[in-house]
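Feature list (source: TrEMBL):
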{"type": "REGION", "residues": "1-28", "note": "region 'Disordered'"}
{"type": "TRANSMEM", "residues": "47-71", "note": "transmembrane segment"}
{"type": "DOMAIN", "residues": "49-482", "note": "domain 'Major facilitator superfamily (MFS) profile'"}
{"type": "TRANSMEM", "residues": "83-106", "note": "transmembrane segment"}
{"type": "TRANSMEM", "residues": "171-194", "note": "transmembrane segment"}
{"type": "TRANSMEM", "residues": "281-300", "note": "transmembrane segment"}
{"type": "TRANSMEM", "residues": "340-358", "note": "transmembrane segment"}
{"type": "TRANSMEM", "residues": "454-477", "note": "transmembrane segment"}
């Protein structure tokens, strides 16, 4: 996810950090956090960082994917219409959208680690409350609050990005997709066992356990040294770097850590500064479109399996003459998933890691922009291919490829966004992008769960068109971040 002009490379290079108030003593060696991170290199600390911060993806995937596997059950329990089922997912992402900006601002002001911890406590609390929801309205409200908490999980990615040496970011960050895949497979596997036996409320309670366990191990990961330096807390940053060096068995750079001039952090207007305006606007378009496609695929998969919309089938399912239950006459499409449906969901979900090796190669050799352009273009193509009348195996194959491609899109844009903004506004940049991302996610349910029932081809064409727009936006991004050091100051 085209090589950038030389002027752009110069403009986005690591800017010179000025000491506040005075120059260092003549002849005294100094170093920056960036130089320290590169000198210390990759080691045991980064493996622990990858495992702990990467596991935030397990908790996030379980909470986000939860709606896809409980939708048939809440539809039946509360006799919901299509738009009511879609509204549940939309409100989850509405909560995510609102709190993405708020938590991004707070993270740039008060620290990534604190906001990450707060978000996990918040999400776990409201997720447990949602399992006791007495009505549909309460369930919608509580799941929206869960979405607000989950929005802060992105701070885990920022912490990873700010501790990783430059040459490892393009490899390690895409591998984090393994954790999202694990969470997705885990919730589907649990749903196949828990839903038919003890019910969806227990599934929600069990799904909150990974997030609660992660809270206990966050203490092993320190606050970002880049963040501490950007706030003037050089002592804390130095202590963190020395700890990492000891853990890795490496040496610190010679000299003293330079403190940058203190600046106001996390200002929204900085994202719209002429230096970043075009980049920001195009990133927002891409995030919105990727989320629209990603969650569209997930929810469309569930709808295809629940209602058998493949091949333009408009005929109602053949009813058992002896089945005269209230459920058989329900206008709310009360059809629960069977073993085959869960199996198809698992197979298509595995697709999320299928293109990871190629995605990593593309990111590191073609660059972020071109790699994203290619995968978005292929996503548009496979949305259209999904309309081909084929066997259930063929449909599963198309869904498998779509999940692989939309996952690759997310990998690339996550890395690009974390790299393109300086430390003083990185969390805000991720937060606002995540917020726009949820606008796409909020719209997706009404296309996948409402429009798709009325016009299968129309829904697919809409998804495909949005992907084409994103591919063009990715190709024309003004900055390429491949191989570039992270900026500290704006």
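A Cβ is built for glycine as well, from the same backbone N, Cα and C atoms used for every other residue.
Automatic prediction, not curation, is the source of TrEMBL annotations.
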Long-range environment of the transmembrane segment (281-300) - Cβ separation under 8 angstroms, sequence gap at least 6:
65, 68, 89, 93, 372, 376, 379, 383, 386, 399, 402-403, 406-407, 409-410, 413, 416-417, 420, 429, 432-434, 436-441, 443-445, 447-449, 452, 459, 463, 466-467, 469-470, 473-474, 476-478
Could you check whether the transmembrane segment (171-194) packs against the transmembrane segment (47-71) - three or more CB pairs closer than 8 Å, residues at least 6 apart in sequence?
yes
Using a Cβ-Cβ cut-off of under 8 Å, list the residues of the same chain that are 6+ residues beyond the ends of the transmembrane segment (47-71) and lie near it.
85, 88-89, 92, 116, 120, 123, 127, 143, 146, 150, 153, 156-157, 159-160, 163-164, 172, 175-184, 186-188, 191, 195, 200, 203-204, 207-208, 210-211, 214, 217-218, 220-221, 247, 298-299, 301-302, 306, 337, 345, 449
Cβ-Cβ under 8 Å with the transmembrane segment (454-477): same-chain residues at least 6 beyond its ends:
1-2, 279, 282-283, 285-286, 289-290, 292-293, 296, 300, 309, 312, 368-370, 372-374, 376-377, 379-381, 383-384, 386-387, 409, 416, 440, 447-448
